Each structure stands twice: as structure tokens, then as C-alpha cells.
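Remarks on the structure that follows.
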Amino acid sequence: MAVSTVVMRALPSPGIAVSPASSSSSSSSTLSCSRVRSSSSKSRLLQVRAATAVEDGESEGSESGSAATIHGRCFVVGDNIDTDQIIPAEYLTLVPSKPEEYQKLGSYAMIGLPAKWGRFIEEGKSKTEYKVVIGGANFGCGSSREHAPVALGAAGVRAVVAESYARIFFRNSVATGELYPVESQGRICDENKTGDYVTVDLELGTLVNHTTGKQYALKPIGEAGPVIDAGGIFAYARKTGMIPAAA
């Protein structure tokens, strides 16, 4: 059995509804590695992401915070934000394992959103000023494109906090290690505004809005956390000895 299949089957499912008729037949295929890149491609993506972070001057203790604590401004959207809004199909020819194309992919993140949500990335810039995206129900629905969480990560997003997720977006977020897909205990997208300063604490399971002074409970990210901390499935598998370390 492939390493990615073993790792993904150990992870919790996001809070989404699955019809009884489809749950048993779709679970194994949903968690399979068929939509995950090869180990070598994942390694290249990790190297590109690390190099990009160094170029941008990001490190623990910066505005974005450590892995367990993410601090910065938030971008707020509503329900059913689909992958075509996150990264339209015309940009899927970009190869994230190439540094220049990884950065370019990030510059197009959320470009398909309706105008009512505002601009995610300022014109002429390749990075967003928002470290956290707050959404409603069924975030990441639509096609299974792995580019969706990669584009958000390349743009500088560290976490998405949503009421619920489309299963494949949640899985792709964990598989790539690009960002933390965290579920809120209730609907919080109606109580936060784009531009608010927030802190997401993964260990405490809280989101604090420093602009309003309100605090919200988050569901534990559980066993997905260490996989994302490591940088994705293959990095986690190497770290835990499931596959040999890269030479």
C-alpha cells in the first residue's frame, strides 16, 4: 500500500456531510494517493516553499508566528468558496515545483472570487497581506485540484478557518503541507471582518480577534497537525521513518 494512502487513512475527516450511499465506496478512493504528486515532486515543492519563505524574510517569531500560533490580518469570505474561485483552471498549467511558477501561482490566488469579497492580493504584488482566511460552510468545494491549497500557501496564507470543508480540499491541504485547514466550533465568518487582526492558536484551539476582542473555539486539528508541521505527506513519512530520508 502506498505511503500516502497509509498516512491519509490515519487522518481525521473534516466536518462535512457524506451521503450513506456514497460514504463506504468513496472513502478509500478519496483517501488514495492518485491525486498526490510523486515523492520527488513533493520534495522539490518543499525546497521551493522554504526558499520562498527565506526570500520573504519569514521565520518563527515574525508576524505570521510559529507553527502552533499564527498571527496576522484575516480575509473573510462566506459559504461554498470553490476551487475555481481559489485558483481558476487557466492557471493550472503552472508547475509549483518551479520557484518562479510557485510564486506566480500564489499571485493568482483567490482571483476568481466575486468582487463583493474585495481584493485578496493588491495589484502589482505577488503576496497577500492576509495570513488567515476565514470562511463559512463547504470551503474548497468543486474540483479536486491540488493547486488550490498550494496557491493559497504560495500567496502567504498560513491557515484557513472555516465552518466546514469539502473533503478533498482538506486532504490536499494536509497532503501538501501548505496550510492548516482548521474548523471552527460554530459559524464565525459573520462576526469577523476582512482586515481584522487575529491569532490562531492550534494548541489552545482558539481564534482571538484582537480588533473586536472576541475569542472563538476551534476544533482540534488532531493527527493532521504533525503532517502539516513536517511539510506534507512525504516529508512526514521521511521524518517518521516510513520511507528513507532524501539523499
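In case you wondered, yes, glycine gets a Cβ from its N, Cα and C as well.
Unlike curated records, TrEMBL annotations are generated automatically.
Per TrEMBL, these features apply:
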REGION    14-46  region 'Disordered'
COMPBIAS  19-44  compositional bias 'Low complexity'
DOMAIN    130-179  domain 'Aconitase A/isopropylmalate dehydratase small subunit swivel'
What average pLDDT does the predicted model assign to the domain 'Aconitase A/isopropylmalate dehydratase small subunit swivel' (130-179)? 97
Counting by DSSP, what is the helix, strand and coil composition of the domain 'Aconitase A/isopropylmalate dehydratase small subunit swivel' (130-179)? 19 helix, 13 strand, 18 coil
